[in-house]
Amino acid sequence: MADPLLKVSGLNAWYGESHILHGVDFEVGKGELVTLLGRNGAGKTTTLKAIMGIVGKRTGQIRFEGQELAGSTSDIIARAGIAYCPEERGIFSSLNVEENLMLPPVVKPGGVTVEEIYTLFPNLLERRRSQGTKLSGGEQQMLAIGRILRTGASMLLLDEPTEGLAPVIVQRIGEVIRQLKTRGFTVLLVEQNFRFAATIADRHYIVEDGRVVDMVVAADVERSIDKLHDYLGV
Amino acid sequence: MSTRNVGFLLLAVALVAPWVAYPVFLMTALCFALFACAFNLLIGYAGLMSFGHAMFFGLAGYVCGHAIKVWGWPPELAMLGGALAAGALGVVTGALAIRRQGIYFAMITLAFSQMVYFFCLQAPFTGGEDGLQGIPRSPMLGGLLPVHNDMVLYYVVLAIFLFGFGAIYRIIHSPFGQVLKAIRENEQRAVSLGYNADRYKLVAFILSATLAGLAGSLKAVVMQFATLTDVTAAMSGEVVLMALVGGIGTIFGPVVGAVIIITMQNYLAATGEWVLVIQGVIFVAIVLAFRKGIVGEIADRWRAYSAGSRK
(Lines of atoms letter the chains of each structure in order from A and count residues from 1; the text may use other names and numbers.)
(Lines give C-alpha, C1' and ligand atoms only; values in the text may rest on other atoms or scores of the structure.)
Protein backbone atom coordinates (compact mmCIF):
# COMPACT_ATOMS: atom_id res chain seq x y z
CA MET A 1 0.00 0.00 0.00
CA ALA A 2 1.60 3.24 -1.11
CA ASP A 3 -0.08 5.69 1.19
CA PRO A 4 -2.47 4.29 3.78
CA LEU A 5 -5.19 6.54 5.16
CA LEU A 6 -4.60 5.22 8.67
CA LYS A 7 -1.34 3.70 9.80
CA VAL A 8 -1.05 2.44 13.35
CA SER A 9 2.36 1.32 14.54
CA GLY A 10 3.68 0.13 17.86
CA LEU A 11 0.43 1.05 19.63
CA ASN A 12 0.47 0.27 23.34
CA ALA A 13 -2.43 0.99 25.66
CA TRP A 14 -3.16 0.69 29.37
CA TYR A 15 -6.25 0.72 31.56
CA GLY A 16 -4.86 1.84 34.88
CA GLU A 17 -2.15 -0.72 35.73
CA SER A 18 -3.17 -3.30 33.13
CA HIS A 19 -1.22 -3.29 29.90
CA ILE A 20 -3.74 -4.24 27.20
CA LEU A 21 -2.16 -3.52 23.82
CA HIS A 22 1.44 -4.60 23.30
CA GLY A 23 2.41 -2.98 20.03
CA VAL A 24 -0.44 -3.13 17.53
CA ASP A 25 0.56 -2.55 13.88
CA PHE A 26 -1.79 -2.31 10.92
CA GLU A 27 -2.86 0.00 8.17
CA VAL A 28 -6.05 0.81 6.34
CA GLY A 29 -6.08 2.18 2.80
CA LYS A 30 -8.47 4.85 1.58
CA GLY A 31 -11.87 3.37 0.79
CA GLU A 32 -11.03 -0.01 2.31
CA LEU A 33 -13.21 -2.01 4.67
CA VAL A 34 -10.99 -3.77 7.16
CA THR A 35 -11.96 -5.86 10.18
CA LEU A 36 -10.23 -6.65 13.40
CA LEU A 37 -11.05 -10.22 14.38
CA GLY A 38 -10.12 -12.06 17.53
CA ARG A 39 -11.31 -13.73 20.68
CA ASN A 40 -12.91 -11.92 23.58
CA GLY A 41 -10.37 -9.85 25.41
CA ALA A 42 -7.84 -9.88 22.57
CA GLY A 43 -7.78 -6.08 22.44
CA LYS A 44 -9.99 -5.26 19.44
CA THR A 45 -12.21 -2.74 21.16
CA THR A 46 -9.24 -1.31 23.02
CA THR A 47 -7.51 -0.74 19.68
CA LEU A 48 -10.44 1.39 18.50
CA LYS A 49 -10.55 3.23 21.82
CA ALA A 50 -6.81 3.81 21.72
CA ILE A 51 -7.11 5.30 18.23
CA MET A 52 -9.83 7.63 19.57
CA GLY A 53 -7.73 8.51 22.60
CA ILE A 54 -10.22 7.25 25.20
CA VAL A 55 -7.97 4.80 27.05
CA GLY A 56 -6.04 5.65 30.20
CA LYS A 57 -2.65 5.87 28.54
CA ARG A 58 -1.21 5.01 25.14
CA THR A 59 2.08 5.13 23.26
CA GLY A 60 3.02 4.48 19.64
CA GLN A 61 2.09 6.13 16.37
CA ILE A 62 -1.31 6.80 14.84
CA ARG A 63 -0.95 8.52 11.47
CA PHE A 64 -4.16 9.61 9.81
CA GLU A 65 -3.98 11.45 6.46
CA GLY A 66 -0.33 12.10 7.25
CA GLN A 67 -1.16 13.73 10.59
CA GLU A 68 0.19 12.25 13.83
CA LEU A 69 -2.66 11.84 16.32
CA ALA A 70 -1.18 9.77 19.12
CA GLY A 71 -0.60 12.87 21.25
CA SER A 72 -4.01 14.44 20.66
CA THR A 73 -7.14 14.41 22.78
CA SER A 74 -10.28 12.69 21.48
CA ASP A 75 -12.07 15.85 20.43
CA ILE A 76 -9.12 16.78 18.19
CA ILE A 77 -9.02 13.24 16.76
CA ALA A 78 -12.75 13.39 16.01
CA ARG A 79 -12.27 16.73 14.29
CA ALA A 80 -9.44 15.29 12.17
CA GLY A 81 -12.11 13.11 10.53
CA ILE A 82 -12.30 9.84 12.46
CA ALA A 83 -15.74 8.92 13.75
CA TYR A 84 -16.27 6.25 16.37
CA CYS A 85 -19.40 4.21 17.00
CA PRO A 86 -18.93 2.41 20.33
CA GLU A 87 -20.23 -1.02 21.20
CA GLU A 88 -22.57 0.41 23.85
CA ARG A 89 -23.78 2.86 21.16
CA GLY A 90 -23.78 5.88 23.48
CA ILE A 91 -27.18 7.26 22.50
CA PHE A 92 -28.02 10.31 24.60
CA SER A 93 -31.25 9.41 26.34
CA SER A 94 -32.27 12.99 27.15
CA LEU A 95 -32.27 13.89 23.46
CA ASN A 96 -34.66 12.61 20.79
CA VAL A 97 -33.61 10.81 17.62
CA GLU A 98 -33.25 13.93 15.51
CA GLU A 99 -31.38 15.79 18.25
CA ASN A 100 -29.02 12.85 18.57
CA LEU A 101 -28.49 12.95 14.82
CA MET A 102 -27.83 16.69 14.82
CA LEU A 103 -25.57 16.68 17.87
CA PRO A 104 -22.17 15.68 16.44
CA PRO A 105 -20.35 18.68 15.00
CA VAL A 106 -19.68 18.84 11.27
CA VAL A 107 -15.91 18.52 11.01
CA LYS A 108 -15.48 18.45 7.24
CA PRO A 109 -17.63 19.18 4.21
CA GLY A 110 -19.15 16.32 2.28
CA GLY A 111 -20.97 14.48 5.05
CA VAL A 112 -24.18 12.55 4.52
CA THR A 113 -27.27 14.75 4.84
CA VAL A 114 -30.00 14.01 7.36
CA GLU A 115 -32.40 13.15 4.53
CA GLU A 116 -29.94 10.57 3.20
CA ILE A 117 -29.53 9.11 6.68
CA TYR A 118 -33.31 8.72 6.86
CA THR A 119 -33.22 7.02 3.46
CA LEU A 120 -30.58 4.59 4.71
CA PHE A 121 -32.53 3.95 7.92
CA PRO A 122 -36.26 4.58 7.33
CA ASN A 123 -37.01 3.42 10.90
CA LEU A 124 -35.28 6.51 12.22
CA LEU A 125 -37.53 8.81 10.19
CA GLU A 126 -40.62 7.28 11.79
CA ARG A 127 -39.14 7.68 15.23
CA ARG A 128 -37.45 11.05 14.81
CA ARG A 129 -39.30 12.58 17.80
CA SER A 130 -38.79 9.60 20.13
CA GLN A 131 -36.45 9.87 23.08
CA GLY A 132 -33.16 8.02 22.74
CA THR A 133 -34.12 5.58 25.50
CA LYS A 134 -37.34 4.47 23.85
CA LEU A 135 -35.66 2.87 20.83
CA SER A 136 -35.15 -0.82 20.22
CA GLY A 137 -31.61 -2.18 20.11
CA GLY A 138 -31.61 -2.20 16.33
CA GLU A 139 -32.89 1.35 16.11
CA GLN A 140 -30.27 2.49 18.60
CA GLN A 141 -27.57 0.90 16.49
CA MET A 142 -28.91 2.57 13.34
CA LEU A 143 -28.95 5.89 15.15
CA ALA A 144 -25.44 5.35 16.48
CA ILE A 145 -24.14 4.68 12.97
CA GLY A 146 -26.33 7.32 11.34
CA ARG A 147 -25.25 10.18 13.52
CA ILE A 148 -21.53 9.82 12.76
CA LEU A 149 -22.17 9.97 9.01
CA ARG A 150 -23.31 13.59 9.08
CA THR A 151 -19.99 14.95 10.35
CA GLY A 152 -18.00 14.56 7.15
CA ALA A 153 -15.56 12.16 8.80
CA SER A 154 -13.97 9.93 6.17
CA MET A 155 -12.98 7.08 8.48
CA LEU A 156 -15.52 5.14 10.54
CA LEU A 157 -14.57 2.95 13.48
CA LEU A 158 -17.48 0.57 14.14
CA ASP A 159 -17.40 -1.61 17.22
CA GLU A 160 -19.55 -4.74 16.89
CA PRO A 161 -22.48 -3.09 15.12
CA THR A 162 -24.35 -6.39 14.87
CA GLU A 163 -24.07 -7.52 18.48
CA GLY A 164 -27.30 -8.80 19.94
CA LEU A 165 -29.47 -7.86 16.96
CA ALA A 166 -32.06 -9.84 15.00
CA PRO A 167 -30.78 -11.44 11.78
CA VAL A 168 -32.92 -9.19 9.58
CA ILE A 169 -31.41 -6.10 11.19
CA VAL A 170 -27.90 -7.54 10.92
CA GLN A 171 -28.59 -7.92 7.22
CA ARG A 172 -29.79 -4.32 6.94
CA ILE A 173 -26.70 -3.03 8.70
CA GLY A 174 -24.51 -5.11 6.43
CA GLU A 175 -26.19 -3.52 3.40
CA VAL A 176 -25.69 -0.06 4.81
CA ILE A 177 -22.02 -0.68 5.53
CA ARG A 178 -21.56 -1.90 1.95
CA GLN A 179 -23.29 1.24 0.66
CA LEU A 180 -21.07 3.41 2.80
CA LYS A 181 -18.04 1.75 1.28
CA THR A 182 -19.24 2.50 -2.22
CA ARG A 183 -19.71 6.11 -1.16
CA GLY A 184 -16.00 6.24 -0.36
CA PHE A 185 -16.04 5.80 3.41
CA THR A 186 -13.13 3.93 4.92
CA VAL A 187 -14.30 1.50 7.59
CA LEU A 188 -12.46 -0.24 10.39
CA LEU A 189 -14.83 -2.82 11.83
CA VAL A 190 -14.50 -4.85 15.00
CA GLU A 191 -16.56 -8.03 14.84
CA GLN A 192 -17.18 -11.24 16.72
CA ASN A 193 -19.54 -12.39 14.02
CA PHE A 194 -17.03 -13.68 11.49
CA ARG A 195 -19.66 -14.86 9.02
CA PHE A 196 -21.00 -11.33 8.90
CA ALA A 197 -17.56 -9.79 8.58
CA ALA A 198 -16.49 -12.18 5.82
CA THR A 199 -19.30 -11.03 3.56
CA ILE A 200 -18.35 -7.37 3.54
CA ALA A 201 -14.65 -6.89 4.33
CA ASP A 202 -11.65 -6.47 2.02
CA ARG A 203 -9.14 -7.68 4.57
CA HIS A 204 -9.09 -9.12 8.07
CA TYR A 205 -6.51 -8.53 10.77
CA ILE A 206 -6.29 -11.10 13.56
CA VAL A 207 -5.73 -9.65 17.00
CA GLU A 208 -4.38 -11.84 19.79
CA ASP A 209 -3.07 -10.83 23.21
CA GLY A 210 -2.85 -7.18 22.29
CA ARG A 211 -0.97 -7.67 19.00
CA VAL A 212 -1.88 -8.11 15.35
CA VAL A 213 -0.68 -11.64 14.58
CA ASP A 214 -1.92 -12.22 11.05
CA MET A 215 -3.69 -10.72 8.07
CA VAL A 216 -5.99 -12.44 5.60
CA VAL A 217 -7.31 -10.81 2.42
CA ALA A 218 -10.89 -11.54 1.43
CA ALA A 219 -9.87 -13.67 -1.57
CA ASP A 220 -7.90 -16.02 0.70
CA VAL A 221 -10.60 -16.53 3.33
CA GLU A 222 -11.78 -19.83 1.83
CA ARG A 223 -8.24 -21.19 1.73
CA SER A 224 -7.39 -19.98 5.23
CA ILE A 225 -10.62 -21.03 6.87
CA ASP A 226 -8.99 -23.66 9.12
CA LYS A 227 -6.36 -21.21 10.26
CA LEU A 228 -9.07 -18.60 11.00
CA HIS A 229 -11.11 -21.08 12.99
CA ASP A 230 -8.01 -21.82 14.98
CA TYR A 231 -7.44 -18.15 15.75
CA LEU A 232 -11.03 -17.43 16.64
CA GLY A 233 -11.65 -20.69 18.47
CA VAL A 234 -14.98 -21.35 16.77
CA MET B 1 -50.88 21.25 29.28
CA SER B 2 -47.73 22.31 27.49
CA THR B 3 -44.76 24.20 28.89
CA ARG B 4 -45.95 27.24 26.96
CA ASN B 5 -49.41 27.23 28.57
CA VAL B 6 -47.88 26.89 32.02
CA GLY B 7 -45.64 29.82 31.14
CA PHE B 8 -48.57 32.03 30.13
CA LEU B 9 -50.46 31.10 33.27
CA LEU B 10 -47.52 31.99 35.49
CA LEU B 11 -47.00 35.22 33.56
CA ALA B 12 -50.64 36.20 34.10
CA VAL B 13 -50.26 35.52 37.82
CA ALA B 14 -47.07 37.58 37.92
CA LEU B 15 -48.76 40.52 36.14
CA VAL B 16 -51.64 40.84 38.63
CA ALA B 17 -49.70 39.76 41.72
CA PRO B 18 -48.58 43.23 42.95
CA TRP B 19 -52.23 44.27 43.35
CA VAL B 20 -52.78 41.37 45.70
CA ALA B 21 -49.48 40.89 47.52
CA TYR B 22 -46.78 43.18 48.86
CA PRO B 23 -44.62 44.25 45.87
CA VAL B 24 -41.27 44.23 47.72
CA PHE B 25 -41.89 40.64 48.79
CA LEU B 26 -42.74 39.68 45.22
CA MET B 27 -39.64 41.41 43.91
CA THR B 28 -37.47 39.54 46.40
CA ALA B 29 -39.04 36.29 45.27
CA LEU B 30 -38.34 37.16 41.62
CA CYS B 31 -34.69 37.96 42.40
CA PHE B 32 -34.24 34.60 44.10
CA ALA B 33 -36.17 32.85 41.33
CA LEU B 34 -33.72 34.24 38.79
CA PHE B 35 -30.82 33.22 41.03
CA ALA B 36 -32.19 29.68 41.32
CA CYS B 37 -32.76 29.49 37.54
CA ALA B 38 -29.15 30.52 36.93
CA PHE B 39 -27.98 27.88 39.38
CA ASN B 40 -30.24 25.30 37.72
CA LEU B 41 -28.65 26.05 34.35
CA LEU B 42 -25.40 24.73 35.77
CA ILE B 43 -26.56 21.73 37.79
CA GLY B 44 -29.62 20.76 35.79
CA TYR B 45 -28.18 21.00 32.32
CA ALA B 46 -24.40 20.82 32.69
CA GLY B 47 -24.47 18.46 35.67
CA LEU B 48 -22.12 20.65 37.70
CA MET B 49 -23.00 21.04 41.38
CA SER B 50 -21.73 24.39 42.60
CA PHE B 51 -21.59 25.02 46.30
CA GLY B 52 -20.43 28.60 45.96
CA HIS B 53 -22.99 30.37 43.86
CA ALA B 54 -23.57 33.00 46.55
CA MET B 55 -20.24 34.55 45.59
CA PHE B 56 -21.71 35.65 42.25
CA PHE B 57 -25.03 36.71 43.74
CA GLY B 58 -23.51 38.61 46.66
CA LEU B 59 -20.51 40.18 44.97
CA ALA B 60 -22.65 41.50 42.12
CA GLY B 61 -24.92 43.12 44.72
CA TYR B 62 -21.98 44.98 46.23
CA VAL B 63 -20.63 46.05 42.84
CA CYS B 64 -24.03 47.24 41.68
CA GLY B 65 -24.75 49.06 44.94
CA HIS B 66 -21.35 50.73 45.00
CA ALA B 67 -21.72 51.84 41.39
CA ILE B 68 -25.08 53.49 42.13
CA LYS B 69 -24.26 54.96 45.53
CA VAL B 70 -20.65 56.11 45.12
CA TRP B 71 -20.13 56.44 41.39
CA GLY B 72 -23.65 57.67 40.69
CA TRP B 73 -24.31 55.23 37.87
CA PRO B 74 -27.91 54.79 36.71
CA PRO B 75 -29.32 51.49 38.09
CA GLU B 76 -29.60 49.77 34.71
CA LEU B 77 -25.91 50.34 34.01
CA ALA B 78 -24.92 49.37 37.56
CA MET B 79 -26.86 46.09 37.27
CA LEU B 80 -25.06 45.35 34.03
CA GLY B 81 -21.79 46.12 35.81
CA GLY B 82 -22.70 43.78 38.67
CA ALA B 83 -23.60 40.97 36.29
CA LEU B 84 -20.38 41.43 34.33
CA ALA B 85 -18.31 41.48 37.52
CA ALA B 86 -19.92 38.17 38.52
CA GLY B 87 -19.21 36.85 35.03
CA ALA B 88 -15.56 37.86 35.34
CA LEU B 89 -15.36 36.12 38.72
CA GLY B 90 -16.96 33.12 36.98
CA VAL B 91 -14.19 33.08 34.35
CA VAL B 92 -11.47 32.87 37.00
CA THR B 93 -13.15 30.44 39.41
CA GLY B 94 -14.74 28.35 36.64
CA ALA B 95 -11.48 27.86 34.75
CA LEU B 96 -10.02 26.23 37.86
CA ALA B 97 -13.11 24.44 39.18
CA ILE B 98 -14.22 22.63 35.99
CA ARG B 99 -10.98 20.64 35.98
CA ARG B 100 -12.56 18.49 38.68
CA GLN B 101 -15.90 16.75 38.92
CA GLY B 102 -18.50 15.84 41.51
CA ILE B 103 -17.65 16.55 45.12
CA TYR B 104 -14.26 18.06 44.25
CA PHE B 105 -15.90 20.56 41.94
CA ALA B 106 -18.33 21.46 44.72
CA MET B 107 -15.49 21.87 47.21
CA ILE B 108 -13.47 24.13 44.92
CA THR B 109 -16.46 26.39 44.34
CA LEU B 110 -17.13 26.43 48.09
CA ALA B 111 -13.51 27.40 48.76
CA PHE B 112 -13.69 30.26 46.27
CA SER B 113 -16.94 31.52 47.73
CA GLN B 114 -15.37 31.55 51.20
CA MET B 115 -12.50 33.62 49.81
CA VAL B 116 -15.00 36.04 48.32
CA TYR B 117 -16.86 36.14 51.64
CA PHE B 118 -13.74 37.17 53.56
CA PHE B 119 -12.84 39.62 50.85
CA CYS B 120 -16.28 41.23 51.21
CA LEU B 121 -15.89 41.25 54.99
CA GLN B 122 -12.59 43.16 54.80
CA ALA B 123 -12.80 45.26 51.64
CA PRO B 124 -13.33 48.96 52.37
CA PHE B 125 -16.21 49.52 49.92
CA THR B 126 -18.55 46.82 51.27
CA GLY B 127 -19.10 48.30 54.71
CA GLY B 128 -17.98 45.05 56.36
CA GLU B 129 -20.44 43.79 58.98
CA ASP B 130 -22.75 46.76 58.41
CA GLY B 131 -23.14 46.08 54.72
CA LEU B 132 -23.63 48.63 52.01
CA GLN B 133 -26.70 50.58 53.03
CA GLY B 134 -28.86 53.31 51.60
CA ILE B 135 -28.43 52.54 47.92
CA PRO B 136 -30.65 55.16 46.28
CA ARG B 137 -33.30 54.06 43.81
CA SER B 138 -32.31 56.59 41.17
CA PRO B 139 -34.64 56.82 38.18
CA MET B 140 -33.90 54.43 35.34
CA LEU B 141 -33.54 55.06 31.62
CA GLY B 142 -32.71 58.76 32.10
CA GLY B 143 -35.73 59.47 34.33
CA LEU B 144 -38.23 57.57 32.23
CA LEU B 145 -38.88 55.01 34.96
CA PRO B 146 -39.48 56.42 38.46
CA VAL B 147 -38.40 53.26 40.25
CA HIS B 148 -38.72 54.78 43.73
CA ASN B 149 -42.35 53.73 43.26
CA ASP B 150 -42.63 50.04 44.23
CA MET B 151 -45.25 49.28 41.59
CA VAL B 152 -43.09 50.68 38.79
CA LEU B 153 -40.04 48.89 40.11
CA TYR B 154 -41.99 45.63 40.32
CA TYR B 155 -42.67 45.63 36.59
CA VAL B 156 -39.06 46.55 35.87
CA VAL B 157 -37.92 43.63 38.02
CA LEU B 158 -40.43 41.35 36.31
CA ALA B 159 -39.14 42.43 32.89
CA ILE B 160 -35.54 41.78 33.89
CA PHE B 161 -36.50 38.44 35.41
CA LEU B 162 -38.28 37.48 32.17
CA PHE B 163 -35.22 38.52 30.20
CA GLY B 164 -32.98 36.29 32.34
CA PHE B 165 -35.48 33.43 32.32
CA GLY B 166 -35.88 33.72 28.55
CA ALA B 167 -32.11 33.72 28.09
CA ILE B 168 -31.82 30.52 30.12
CA TYR B 169 -34.69 28.93 28.17
CA ARG B 170 -32.97 29.80 24.90
CA ILE B 171 -29.62 28.49 26.13
CA ILE B 172 -31.13 25.16 27.22
CA HIS B 173 -32.93 24.68 23.90
CA SER B 174 -30.06 25.77 21.68
CA PRO B 175 -27.58 23.37 20.09
CA PHE B 176 -25.20 24.52 22.82
CA GLY B 177 -27.69 23.31 25.43
CA GLN B 178 -27.97 19.93 23.72
CA VAL B 179 -24.22 19.51 23.79
CA LEU B 180 -24.33 20.35 27.52
CA LYS B 181 -26.95 17.66 28.09
CA ALA B 182 -24.86 15.20 26.09
CA ILE B 183 -21.79 16.01 28.20
CA ARG B 184 -23.78 15.62 31.41
CA GLU B 185 -25.01 12.24 30.27
CA ASN B 186 -21.87 10.73 28.79
CA GLU B 187 -18.88 13.03 28.73
CA GLN B 188 -16.53 10.58 27.05
CA ARG B 189 -18.95 9.99 24.21
CA ALA B 190 -19.51 13.71 23.68
CA VAL B 191 -15.76 14.29 23.59
CA SER B 192 -15.15 11.47 21.13
CA LEU B 193 -17.78 13.01 18.84
CA GLY B 194 -15.54 16.07 18.69
CA TYR B 195 -16.60 18.39 21.51
CA ASN B 196 -14.17 19.95 23.93
CA ALA B 197 -16.18 19.27 27.08
CA ASP B 198 -14.19 21.60 29.33
CA ARG B 199 -14.82 24.56 27.08
CA TYR B 200 -18.58 23.91 27.10
CA LYS B 201 -18.64 23.51 30.86
CA LEU B 202 -16.71 26.73 31.33
CA VAL B 203 -19.08 28.68 29.10
CA ALA B 204 -22.04 27.26 31.03
CA PHE B 205 -20.36 28.20 34.30
CA ILE B 206 -19.73 31.77 33.15
CA LEU B 207 -23.30 32.16 31.86
CA SER B 208 -24.67 30.84 35.13
CA ALA B 209 -22.39 33.15 37.14
CA THR B 210 -23.38 36.19 35.07
CA LEU B 211 -27.10 35.52 35.46
CA ALA B 212 -26.68 34.86 39.20
CA GLY B 213 -24.90 38.23 39.28
CA LEU B 214 -27.81 39.87 37.50
CA ALA B 215 -30.12 38.46 40.17
CA GLY B 216 -27.84 39.75 42.95
CA SER B 217 -27.66 43.21 41.37
CA LEU B 218 -31.42 43.29 41.05
CA LYS B 219 -31.80 42.41 44.70
CA ALA B 220 -29.46 45.25 45.73
CA VAL B 221 -31.59 47.72 43.76
CA VAL B 222 -34.82 46.36 45.24
CA MET B 223 -33.72 46.14 48.88
CA GLN B 224 -31.50 49.23 48.67
CA PHE B 225 -28.73 47.45 50.51
CA ALA B 226 -26.17 44.72 49.99
CA THR B 227 -25.05 42.63 52.94
CA LEU B 228 -22.76 39.78 53.86
CA THR B 229 -25.77 37.43 54.10
CA ASP B 230 -25.83 37.20 50.33
CA VAL B 231 -22.21 36.01 50.12
CA THR B 232 -22.34 33.36 52.84
CA ALA B 233 -22.12 29.62 52.37
CA ALA B 234 -25.65 29.46 53.79
CA MET B 235 -26.89 31.44 50.79
CA SER B 236 -25.10 29.00 48.47
CA GLY B 237 -26.93 26.21 50.28
CA GLU B 238 -30.25 28.02 50.05
CA VAL B 239 -30.14 28.19 46.27
CA VAL B 240 -29.41 24.46 46.15
CA LEU B 241 -32.49 23.96 48.33
CA MET B 242 -34.65 26.13 46.06
CA ALA B 243 -33.61 24.20 42.95
CA LEU B 244 -34.09 20.85 44.70
CA VAL B 245 -37.52 21.68 46.11
CA GLY B 246 -38.78 22.89 42.75
CA GLY B 247 -37.04 20.29 40.62
CA ILE B 248 -33.53 20.27 39.22
CA GLY B 249 -33.37 20.19 35.43
CA THR B 250 -36.92 21.48 34.96
CA ILE B 251 -37.69 24.88 33.45
CA PHE B 252 -40.10 26.17 36.10
CA GLY B 253 -38.83 24.15 39.06
CA PRO B 254 -36.37 26.72 40.41
CA VAL B 255 -39.00 29.46 40.15
CA VAL B 256 -41.49 27.42 42.18
CA GLY B 257 -38.79 26.39 44.66
CA ALA B 258 -37.64 29.97 45.16
CA VAL B 259 -41.18 31.25 45.67
CA ILE B 260 -41.90 28.51 48.24
CA ILE B 261 -38.71 29.11 50.22
CA ILE B 262 -39.04 32.91 50.18
CA THR B 263 -42.71 32.71 51.13
CA MET B 264 -41.86 30.46 54.04
CA GLN B 265 -39.11 32.74 55.23
CA ASN B 266 -41.41 35.70 54.95
CA TYR B 267 -44.52 34.32 56.63
CA LEU B 268 -42.77 32.18 59.20
CA ALA B 269 -40.31 34.92 60.15
CA ALA B 270 -42.17 35.41 63.43
CA THR B 271 -41.20 31.89 64.53
CA GLY B 272 -37.52 32.92 64.48
CA GLU B 273 -35.00 30.13 64.09
CA TRP B 274 -37.82 27.64 63.56
CA VAL B 275 -37.84 28.68 59.89
CA LEU B 276 -34.58 26.80 59.46
CA VAL B 277 -35.94 23.71 61.16
CA ILE B 278 -39.04 23.75 58.96
CA GLN B 279 -36.88 24.28 55.89
CA GLY B 280 -34.79 21.30 56.92
CA VAL B 281 -37.85 19.11 57.34
CA ILE B 282 -39.17 20.13 53.93
CA PHE B 283 -35.78 19.46 52.39
CA VAL B 284 -35.66 15.95 53.86
CA ALA B 285 -39.25 15.25 52.84
CA ILE B 286 -38.62 16.39 49.25
CA VAL B 287 -35.44 14.37 48.92
CA LEU B 288 -37.14 11.26 50.30
CA ALA B 289 -40.56 11.52 48.67
CA PHE B 290 -40.16 13.64 45.53
CA ARG B 291 -36.78 12.91 44.10
CA LYS B 292 -37.48 15.08 41.08
CA GLY B 293 -38.78 18.06 43.03
CA ILE B 294 -42.31 19.42 42.98
CA VAL B 295 -42.37 20.47 39.33
CA GLY B 296 -40.48 17.35 38.25
CA GLU B 297 -43.03 15.08 39.96
CA ILE B 298 -46.02 16.99 38.61
CA ALA B 299 -44.59 16.89 35.08
CA ASP B 300 -44.03 13.14 35.38
CA ARG B 301 -47.55 12.48 36.65
CA TRP B 302 -49.00 14.71 33.94
CA ARG B 303 -47.06 12.89 31.23
CA ALA B 304 -48.18 9.51 32.56
CA TYR B 305 -51.78 10.76 32.78
CA SER B 306 -51.89 12.20 29.25
CA ALA B 307 -50.18 9.10 27.84
CA GLY B 308 -52.83 6.98 29.60
CA SER B 309 -55.78 9.05 28.37
CA ARG B 310 -54.53 8.94 24.79
CA LYS B 311 -54.88 5.18 24.63
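The backbone N, Cα and C atoms fix where each Cβ goes, and this holds for glycine too.
The transmembrane segment annotation in TrEMBL covers B:20-42, B:77-98, B:105-125, B:152-172, B:202-227, B:239-262, B:274-294.
When Cβ distances are compared across the two stretches, the transmembrane segment (B:202-227) makes no contact with the transmembrane segment (B:239-262), since fewer than 3 pairs at least 6 residues apart fall below 8 angstroms. Note on the transmembrane segment (B:274-294): residues 241, 243-248, 250, 253, 256-257, 260-261, 264-265, 268, 300 of its chain, located 6 or more positions outside it, place their CB under 8 angstroms from a CB of the stretch. Within the same chain, residues 14, 48, 50, 53, 56-57, 150-151, 153-154, 157-158, 160-161, 164-165, 168, 171-172, 204-205, 207-212, 214-216, 218-219, 222-223, 239-240, 242-243, 246, 248-250, 253-255, 257-259, 261-263, 266 sit at least 6 positions outside the transmembrane segment (B:20-42) and bring their C-beta atoms closer than 8 Å to a C-beta of that stretch.
Sequence-distant contacts of the transmembrane segment (B:152-172) (same chain, at least 6 residues past either end, Cβ-Cβ under 8 Å): 11, 14-15, 18, 23, 26-27, 30-31, 33-34, 37-38, 40-41, 45, 79, 137, 140, 145-146, 207, 211, 214-215, 218, 221-222, 251, 255.
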